[in-house]
Structures are given as C-alpha cells and as structure tokens.
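Here is what TrEMBL says about this protein:
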| type | residues | note |
| --- | --- | --- |
| REGION | 1-56 | region 'Disordered' |
| COMPBIAS | 13-24 | compositional bias 'Polar residues' |
| DOMAIN | 101-150 | domain 'Myosin N-terminal SH3-like' |
| DOMAIN | 154-826 | domain 'Myosin motor' |
| BINDING | Gly245, Glu246, Ser247, Gly248, Ala249, Gly250, Lys251, Thr252 | ATP binding site |
| REGION | 706-728 | region 'Actin-binding' |
| COILED | 946-994 | coiled coil |
| REGION | 1017-1052 | region 'Disordered' |
Amino acid sequence: MGSPAPSVYADVNSGNNCVTSLSAPENGDSGGKVVERVENGVADTDQANEDSPYSGTTMLVEERPSSVGDEDLDSTAATLPSVSKSNIECRWSDITSYAAKKKVQSWFQHANGNWELGRIMSTSGTESVISLPDGKVLKVNSESLIPANPDILDGVDDLMQLSYLNEPSVLFNLQYRYNQDMIYTKAGPVLVAINPFKEVSLYGNDYVEAYKNKSIESPHVYAIADTAIREMIRDEVNQSIIISGESGAGKTETAKIAMQYLAALGGGSGIEYEILKTNPILEAFGNAKTLRNDNSSRFGKLIEIHFSETGKISGAKIQTFLVEKSRVVQCAEGERSYHIFYQLCAGAPRALREKLNLKDVDEYKYLKQSNCYSIAGVDDAEQFRIVKEALDVVHVSKEDQENVFAMLAAVLWLGNVSFNVIDNENHVEAVADESLINVAKLIGCDTSELNLALSTRKMRVGNDNIVQKLTLSQAIDTRDALAKSIYACLFEWLVEQINKSLAVGKRRTGRSISILDIYGFESFDRNSFEQFCINYANERLQQHFNRHLFKLEQEEYIQDGIDWAKVDFDDNQDCLNLFEKKPLGLLSLLDEESTFPNGSDFTFANKLKQHLNSNPCFRGEREKAFTVSHFAGEVTYDTTGFLEKNRDLLHLDSIQLLSSCSCHLPQTFASKMFNQSEKPVVGPLHKAGGADSQKLSVATKFKGQLFQLMQRLESTTPHFIRCIKPNNSQSPGSYEQGLVLQQLRCCGVLEVVRISRSGFPTRMSHQKFARRYGFLLLENVASQDPLSVSVAILHQFNILPEMYQVGYTKLFFRTGQIGVLEDTRNHTLHGILRVQSCFRGHQARCYFKELQRGIATLQSFVRGEKTRKEYAVLLQRHRAAVVIQKQIKSRNARKKFKNISHASIVIQSVIRGWLVRRCSGDIGLLTSGGSKANESDEVLVKSSFLAELQRRVLKAEAALREKEEENDILHQRIQQYESRWSEYELKMKSMEEVWQKQMRSLQSSLSIAKKSLAVDESERNSDASVNASDDREYSWDTGSNHKGPESNGLRPMSAGLSVISRLAEEFEQRSQVFGDDAKFLVEVKSGQVEASLNPDRELRRLKQMFETWKKDYASRLRETKVILNKLGNEEGALERVKKKWWGRRNSSRYS
C-alpha cells in the first residue's frame, strides 16, 4: 500500500498566549496528496458530477439581517486570515529557535520513520546536538526537530489538551494510553479507538451505570452512545454513530459495544435483547477470516434503533450492503469462507447431520481450497449453538432453521459437483454422484433437472428455443453462480426475518439512532472487484466525514459572519469524481463495458487507461491493472473478473430451476430474482437488451445504496468513531508507529483536533438559546428580542468574549462553555422541580387529609347502616331461635313427662304387686295355703336372681371375647414392633407364646365355670317349673322356723355373682394395663418415643408383674369355681330334701 504525503498542519488559538506548533514538512515530499484550500467553505468539485448524494441536501441557514448581503459575506471571506505555507515556515522557524534556546525535549525521527524523544544539548547554526534516552548523542538538522509536550501532559484523554499538536506527540500520547489499556482517546468531537486485540476491563454494568450517571468523564464508546441518546431526546433530532477504520481495526466490536450501551439505557421492553442477539447471526453469515482479521465483516450494515418518547427502545431495522458473494466459492490461501459453514459442520447434532448428509469441512471443495479450517481460540461448535439460540430469540421457527441449514448444505455440496467431458467440443454433463443427488434432495428438485440446469442453457432464436451445451468452464461458472446466488438470497432472507421480528410498527415515533458498521479500507497483494467497491464506499464515508467536520463547519462560520481562520485539509473529492463522474468515471465505464456482449476485462482496462490517464488520482498499469490514489493510500486493482462480478448474472434456467423446487426457500429466492429482473432500467443498460441484461449491475446498485445511505446520514447528527489498528500481526501490546500514523493521516485526526481547538464546536440559534436559558436571568426580559436576551445571559454568567462569538443567526461557543450553562440550568430546574414537588406534596397532603375525613364520615354512615341491618337480621334470628327453643323444650318436656309417667306406672305396679304379694303372704300365714304361696314367691325371687346372674355371666363372656380380640390386636402390634428390631424377635415371640398359653388357661377356666353355671341354671329352671307348687307347700310347712334352703341360698348366689363381676372387671383392666405398658416399651425401644428408662429392664419387670397377677388371678378363679360348685351342691341337697319331704307328705296324704 502506498503512503500519502503528510499534511501541513497549523494551529490557531485566538485569545490564548500559548506556543503554537506546526508539523514539519518532510523533505522531498513534492508529490502525494494535493493540499486544497476551501475557499468560501466549498471545495472545487467537478461540475459534471450530477448525481451527488448531497444534491438534494442544503444547509438551512436562518435569515440574516438585511444590512448584510452576499457581497458582505464575500468581502468578509476575503478578509479572513488564512494559513499559507510561508506563514507556516516562518512560525516553524520561530518555534524551533525557541526549543533550541530553552533546550526543551524534542522529537527526533530516525531513518526508519520512527520517532524518538531527545533533549537538545546545544545548537550551532542550522544544526543541533541532542541526547537520546539511551545515552547516544547525535548531531541533526534543527529543522527536523519537533518540540515535545511536558511530562505532565503524558496520556491526556483529549488530544486538544496537548500544548504542541504534532504527529509524534499524538503518536506518543496514543501509545502511552494504549500501553495502559486506555484504548479510547478523544480528538475533539471524534473518538479514537485502538484495537487492543485482547480483553480489557472497560465494560460491564458498572461502567454503564458510571457513564449513565456521569460519574466517569474519560473517553469511551459508552460516552459517545450516551451523548447520542441524550441529544436525540433533547433536540428531537435523529442521531448516527459512524464507525470507520481499516479492516481489523475493531469496527464490529465497537458497534456491538455501542449497541449494548443503548440497550442498557433504553431497555425494558425486551426488544433490546433481540437486537443484541442479531449480532451472532450477522457475524456467522456475514463475517469470515481474512489474512488481516480473524473476524472480518464481508458486508456493511446500518442498524437503525428506534426509541419511544420516553427514550425506551421500541424496535430496530437492519440494512445491509454488498455481501461478498465470491467468498462462497473462492477464498485465498490462509483465509476462510463464511463462519456459518464451519460452525454447521462442527456443531450440527447427529440427527441434522444425517438429514443433511454433512461431512467434515475438509471434504468440501469450497472450504478446503484455502487449507484453513479453524481460528485459534474459537470453538465453532459452541458458536453454532449460540447462533441457533439467537435464531430462536428473533423468532425464526425450527422449520425455517432447518431449511436455512439445508440451503447451506446445498451450497457446500454444489461445490463438490463435478463434470465429465462428453465430446470433442469440450461439452460436459454433471456427474450423477453423491454430490449431485444431495443438492437435488436439499433444494427439492429432480436430479435430471439439476443436471440440465448446470450443463445446458436454453436460448431463444427468433421463435425457436434451442438448447446449448456448456463447456467445462461455462458449467463451473454456472455452478458457482448458482451457489453464490443461493447464499446471497439466503442472507437477504435472514435479514428480512430479523427485521420482521424487530419491526417498530405503530410504536414508531421518528426518533432513532443509526449505527453504521461498514467494511474498512482494504489493500492486498491482489485487489479485485470487492476491494474496488469497498474502497469506493470508504471514499464516500471519508467525504461525509470531511463535509461535516471541515466543509460544513467552515461554511457555517462564513455564512454567520464569524471571525475564523480557515484550516486546510486533504479533500478526497477528486478521487470521488474519479469514481462517480459521468460519462467518464470508473463506475460509468465499468457499467458501459459490462453491457457489451464482447466486453472483457482486458478491454475494460484499456478503456480506463485511454480515458482516465490524465486524472491525478488514476494511473494505468501494465496488462489489466490500474492504480487509484485513495485518501488512505494508493491501491492497484487487477481487473480480472471485474465484468463478470459486476454483471452478477444468474441465467434464467437456474432461476427457473429454483422456482420449480418443492422447498419454499428456493421458490422465494427465484420469485425475488424475477421481480428484480422485471424492474425498469434506464441509461446505458437499457440499450443492450436481453432478459439477463435488464438487471442492475452490482456497481450501480451499490452506488445507489451508498447515495441513500448518505442521504439518511445527512438527516442525522453524526458522531464519529475512528478505529485504529495498532499492528498487522493482531498481537496484543504491539504498537507500530508507521501503521498508526498512516491511519491517523487518513482519518484526518490532527485536522479535526485543530479545527475543534481553534473553532466553535457548539452553536445554537438566538431563539433557541434565549428560550433554553432565558429563565436563568435575574430580571424580566420577556419583551426583549432573542439576541438581547442571549447577550444578557452571557454577561450574567461572565462568559469571556474570546470563548464565544455572536453570529447573524447563531451563537458559537468554544469547547466546554455551553456545559457551564447546562449545569446551571440543570441545577435551577432541579431546584424548581423540588419546589414544585414540595408544593404539590403539600397540596396532595391537604387533599388527602380532607379526603380522609370525608372517607371516615362516609365509612361511619356505611358502618352504622350496615350494623342496623345486621342488628335487625340478628333480632329476627333471635326471635326465631326463641320460638324454636320453646318448641324443642316443650317437646322434650312432654317426652320426659311421658317417660316419668310410664316409669311411675311401672313402679306403682311393682309396688302394688309387692304389696299384694306381701298381703297375700301375710294372709297365707293365717290360712292353710299360706305356706305354699310364700314358697312360690321365694322360688320366683330365686329364679330372678339366677336370671340376673346368667345375664351377667353372658356379659362377662362377651367382654372376655372382646378382650380376646383386643389381645389378638395387641399381639399383632407386638409382631409389627418385633420386625423393627430383629435382635429382640426371639424374646418377644417366646413371651407372646407364654402369654397366649396363660390366657388360654384362664379362658378355659372361665369357660368351664360358665358351663357349670349354665348346666346348673338349666336344671334349676326345669325343676322350678315342675315343682313350683310343691315348693310352696314345702315352704308353708316349714313355717316361721324355716325359711327353706332357697332363702338361705340367696345370699351365696348374690355373692358368687358379684365375685364373677369383679373377676371380669379385673381381667379387663389388667389386660388394658399390660397391653399399654408393652406397647409403650416397644415404642421406646424402637426410638419412636423418648424416655429416660431402660426398656429391657422394664420389660422384665412387666413380665414378673404379669406372672404374679396371673397366679393370683388363677387361684381366685379356682376359688370362685369351688364356691359355685358348692352353691350347686347346696341346691342339689335342697332338691333332695324337697323330694324327701314330698315323699313323706304324699305317703301321709294317701295313708
């Protein structure tokens, strides 16, 4: 790459008494860039350039006073001071003499072009002796020395603060900050960003909050984005952030950082997350590894972020420019194709790989031709996962994602399609192998149709259609053209899907911030059509930069009558004219040659040399090459492939093939191509005729996109970020002075600093200034005109006269002056807001108290009414309850009375019966039949006692059965507890068996007793019924001396009955006690219950207690059985007595 000649810099500081410095011109630098003075603020341009993007854009200058006309402006411009070369040389010699006299530090340039700091030891005539830091002493020409800044200015964050503004001082300051990882430096209104090629700790939420709250003032992309969004809200003017620089300077990363800050400030709706997720998609499909940059953008993009009235992001739109389609089918050694191909092959899951029949990257011809398959430190598989996640975020469906991957796989397989020569004329046909079959399957067409589209071409001759077979080179070109078209259409389709997801819709307010990230200036060993278009775009962006920072700046000063010393700068208008001039510009000649059927790259190169050799920015080279002197240096282009790439022809057969595919994406691509080919074309292209030639050329289309882009940027307030590449090896910490200096010269950084330091970067109309700051005046000036109000404001705040100038329509301020007024305005507004908030708070509190009193009164009324209604309901319910209670009490009383009456009747009947029986017994004593009646009553009474005894025995048996069931349940529980602790299983089983045996013995004893009682009772019942009358006689005969055996036996029978009752009750109680104790000990042993006792010892004690009770209970049971047996014997004796007595009675009766 050629290097441009250095500029001659001047520094004019009006009102300051500091030393002014200039950069020394290099010896022998007579050629190079032409230093052009801008007379009257407008550069001389070629009048033949009709289609400038600024032709419809003019500066809006408010109406000037009638006393000043255009003639006055011309005279004013004529009297403005200018910086001439003679003045520069004179002032430079003064500065050199001053530096030599004071022996200050100075910069010395070595033969290799690097600068080194030294100190002047002595001077003699035109020579000076300097001492270098390493101790060397050199004798040099005094004019070659450049003064250096004092150490206190090392690493300042704004180049405007340098006392001596020259190239070595700027280089040293940038290098000083770069070594400290301070990669951002201000150059007036421009931010200079040096690519660190490593991670630096300058980003994150903490930094976002710091720049948002203005707690950090150091230069940063965050600060540029913050200024843009604040000016958008304040001025209601759209903003733009224009990022430029060489390839590999970090433009894409800078754009992402700016987007992250805007998303953080304007986030909240969720759309900002989708905007950030577009970066992985666009980088995967639009970026590739080149020799100079591992992540080079091979397309340009403009991201337009829309905001709501409250400053929140409401949507976005992405516009792309000139995708490098040729990289799909061809890339240089050591480079890669687009990232997405490698990510797909590395990260696709097995199911997707099988569906697309994917192979490794080294099996595809399009990817293996460069012998570069990976990038150091980059995981393609992980990047593929990130891309898929991003596609989900921007609402690309799973089906569409699979279709996208299928198109990518189809492009890769197309590269593997080969051809066989079938005749002597080199005609070919595609080989029907795996590649051809896979392509047909992926795009959804028949294999034979794909073969015909790649190896033949249909042509119309008159009214006939003929099929022409293609040669090998033509077939390869057709195949590659189809692959490039599919990829380019796929990329455009993806951008459309993203824009649909980010669409603003009805939320559009007109406020937006545009971020431009376009390819940087490129110069390789071999430069082709892509570099030609890329460098043309950079020339147009450089002109936009010059226009806003130099031309419009000085033009506005002159039109507003500002005392201003014009600054010379390198204008690239001549180079733009070389590209855009009609009819003999590079683009016009390229389009013209592209339309000729017999046009070739060689004829195109000859035509350029024939018509453009007189242009100072053009130089013809041997064979098919030519050189253009760009603003960044000279670039030699090889015209090989220029016409083909400019035509970008895809034959109608290939388009029809895509339209016939079953997959919807190829059909969409074909429909879009048909629509583009049907657009009307004017100019030279229209004369060539033919279906394919009707399509706009790539250069013409790109030129139109650039013009639209420039018009879009002209309607915004620009913010410039210049990215600098510190070295070509992409190594962290390496700083190549020559490379950095060349980029600084190309960017015009020093001119920007100079024009900002000596100019008035802040300007505001009289009306706006008076309206914005008029309320700060201490006196009422409502009746005065805006200019008087503005002057009064300046006087009140003691703004020095040299810090501002009053123009015809605007006020112009030097850097930092408007900030004082803004701070005062903000403080005043803050105070006003506090007063208003206090007053509104007082009003709100008064209203609240009044409202609270009203609410309390209303609530009391409501509660009273509600309470009265509730009381009425409760009263009604109380009365109903009283009635119900009366009815229930009455019913219960009647029922109770009936029961008492019935019981009284029964008692009375029993008593009357007893009285009657008593009376009858007394009478029987007096009569002969008295003894017999008494005996009958005694038998009845005895039988009732026996019945009661039998009932109790049955009850005891039922209770015993229940206890047995409960005992069985206890045994089951014991068995469950035994399963929880196996070590006690044998003990518990043995205890259970012992207890069961003992219980069975007791139960058998009771059952025997019950059986004996039952037998005796049955015998007594039968005997009682037969001998009732005889018993009465027996009882009568015994008289008063004997009451009979039954009367004596009543007491033993009742005693036996009570003993049995007590035994049954004791059995029930003891069973319950032993069961509960055993259950408790089991729970303690298993840990279910906590108790401070030894369960084993307590279990043994419980067993001993059970044995003791068992023996005692068994003995008492036996005693009871004996008593019952005795009672039965007594009844037998009584029966024998009766029989004996009846025998005697009968014998005496019959005798």
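Using the three backbone atoms N, Cα and C, a Cβ is placed for every residue, glycine included.
Remember, TrEMBL labels are computer predictions, not curated facts.
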Average model confidence [pLDDT] within the region 'Actin-binding' (706-728): 92
Helix, strand and coil residues within the region 'Actin-binding' (706-728) as assigned by DSSP: 9 helix, 8 strand, 6 coil
For Thr252 (ATP binding site): intrachain residues, at least 6 apart, with Cβ closer than 8 Å: Glu283, Asn287, Asn295, Ser297, Asp517
Chain-mates of Gly245, Glu246, Ser247, Gly248, Ala249, Gly250, Lys251, Thr252 with C-beta within 8 Å of site centroid, ATP: Asn195, Asn293, Gly520, Cys723, Lys725
Structural state census, the domain 'Myosin N-terminal SH3-like' (101-150) (DSSP three-state): 5 helix, 27 strand, 18 coil
List of residues, in chain order, with Cβ under 8 A from that of Gly248 (ATP binding site) and at least 6 apart: Asn195, Thr290, Arg292, Asn293, Ser296, Gly520, Lys725, Asn728, Gln730
DSSP three-state assignment for Gly245 (ATP binding site): strand
Where Lys251 (ATP binding site) sits in the secondary structure, as DSSP reduces it to three classes: helix
